[in-house]
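First comes the structure, then the notes that go with it.
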Amino acid sequence: MEVTGRLFIWAILAVSCRAQLNSTAAEGRPRCTASLGGANLGETHKALILNLNADENCTWTIERPENRSIRIIFSHIQLDPDSRCENESIKVFDGRSTSGPLLGEACSKNDFVPVFESSANSLTFQIVTDWTRVQRSVFIFYYFFSSGTTIPNCGGYLQTLEGSFSSPNYPRPHPELAYCVWHIQVEKGYKINLNFTELFLEMDEYCRFDFIAVYDGPSTTSGLLKQVCGRGTPTFESSSDAMTVVLSTDYANSYRGFFASYASTYVQEVNTHSLSCASDKMRVIISKSYLQSLNYHESNLQLNDPTCRPSVSNVVEFSIPLHECGTIKKIEDHTISYTNIITFTQSPESAVITRKRHLQIVVTCEMEYNSTVEILYITEDDVIQNQSVLGKYNTSMALYESGSFENLIQESPYYVDLNQTLFVQATLHTSDPSLVVFLDTCRASPTSDFASPTYDLISSGCSRDETCEVYPLFGHYGRFQFNAFKFLRHLSSVYLKCKILICDTSDHTSRCNQGCVSRRKRDIPSYKWKTDSVIGPIRLKRDRLVNGDSGLLPQTHEAEISKQPLSHLHLFSFMVLALNVVIVVTATVRHFLNRWKDHGYQKLQVY
């Protein structure tokens, strides 16, 4: 018994010692030795240089009484280049403490200039460094601003294939405390060439005060191409069809700013011409070298509507809306096609002869099964050349909160109550106002591959469920509602797939105008323009309590069953462990009892 007591005491001491070590490690957090040099974080604007040591954990709060927001810019960050962001970083919080919403995080691995804005008049930033002893410094610039005030010509969206922009007030000195963002977005298949014909900002080795940041993509986190300042004429080239340019200035030393122009280059090789079709437009690309071989100039090209002009770069591009620019729509045998003609302007009426071949480029988009077919042919002295490729309809389907179909539900998976009314809308994304959407079939399944079992909500345009209500035809939208259910002997996931038919409103014999018909009467196989849309999963709310909110949910009952052997193995292992513990305890008790008996009957030694 004495040995048992000692073992028990040692166990208690070991546990208490371990708890004390954990507590010491948790409480022994790095302290902050970095200094702001007496700076007042209540000033309207301030530039700060922070020199940091290893094992720092520093937090500062910027705050003023007036109701204005704060913009903080970390224009130069020198942290441990080998440290992970989890161990060494800068975190910025919206509010007076680190318990506020996290606005963002920056570390040595980031490829952008970190800029954050508060929602109100207070902002907190925290800098944590690891144990590595390297030189660290962070340049911080912040200022208060009113969110409702703007600087003229400060940023914007540029969507043409070529253009130009400049700093506000150019060529006069740029304004103070300016933060301007220009987004350049051109058509797919192009890349952007940006050229600064003049750049005159405050000079600094690290461009900490006034600078321009150029990003290779659609946002300020797309990947920094370069941060520039001073004087020069830098050039940049994007890797895609988007580029972002930022101008940031402080409160002193304003100069002329900059002037920049950009042009687009079509990346893919086009020997003669190409055509692609979307739900709202036709896109024709013509090679300039092809035109030159015919002794034509791009300025002589025109559509059925001569006012619709092409965009010219290293290629000539026509972006032709399906219901504008003289596009002709034709309905034949339940097939919709869109046609336009690119021609070359005729010789002057005073001319008597010509040695140029008469050339026409006829472009047609024809709607096909679950896709669109593009057909392009050229007539050249009565010689026809054909070309065809494939595209797809642009459709989507989503859940809405009510029958007004105003508030889209973004949550996925979407948790519902059993028998709750659900509102579904299928949408055709097109600029053609004369098209209408018809819901031919809508089917539910417990799995995303729609294997057996399935359950029909709508079939042949008819409601097959007592709670399902199909709404009347409504332009580009097909709508219905039904009450939530679950599949027996399966998990509570439900996926929906709808077959959508697209008709022209002027075609009174179309399938869309027939409504609900029996399977014997309908003639869908001859229909060329239909497509599928899928949404899901929809799950019961009680499964949220079981599975949590992670969204990583099992999709079939078989998947759940496949995990059961692992659970049985865990149970068996636990039982074996418990049995071993019982055996050890029993043996120990018997050992001490036997020793106690030996001591109890030990014969006294006779002297």
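Placed from the backbone N, Cα and C atoms, the Cβ positions cover glycine too.
Worth saying up front: this structure is predicted, and the values here are computed from it rather than measured.
The candidates are Asn195, Asn394; Swiss-Prot tags Asn195 with the feature N-linked glycosylation site.
Between the listed residues Asn22, Asn57, Swiss-Prot assigns N-linked glycosylation site to Asn22, with no corresponding entry for the rest in that record.
Just one residue in Asn67, Asn87 has N-linked glycosylation site written against it in Swiss-Prot, and it is Asn67. Of the cysteines listed (Cys207, Cys277), Swiss-Prot assigns Cys207 as the disulfide partner of Cys229. Residues Asn370, Asn419 are shown; Swiss-Prot lists N-linked glycosylation site for one of them, Asn419. Cys180 (disulfide bond) is 16 Å away from Cys207 (disulfide bond) when you measure Cα to Cα. Taking the Cβ of Cys498 (disulfide bond) as centre and 10 Å as the limit, one finds 23 other Cβ atoms among all the protein chains shown. Cys442 (disulfide bond) sits 48 Å from Cys85 (disulfide bond), taking the Cα positions as reference.
Other Cβ atoms within 10 Å of the Cβ of Cys32 (disulfide bond), summed over all protein chains shown, number 17. Each of the disulfide-bonded residues Cys58, Cys107, Cys154, Cys229, Cys442 was assessed for Cβ neighbours inside 10 Å, and the highest tally belongs to Cys442. Note on the domain 'CUB 1' (32-146): its mean pLDDT in the predicted model is 89. Asn419 (N-linked glycosylation site) sits 48 Å from Asn67 (N-linked glycosylation site), taking the CA atoms of both as reference points. A sphere of 10 angstroms centred on the C-beta of Cys207 (disulfide bond) encloses 22 other C-beta atoms. Within 10 Å of the Cβ of Cys180 (disulfide bond) there are 22 other Cβ atoms, across all protein chains.
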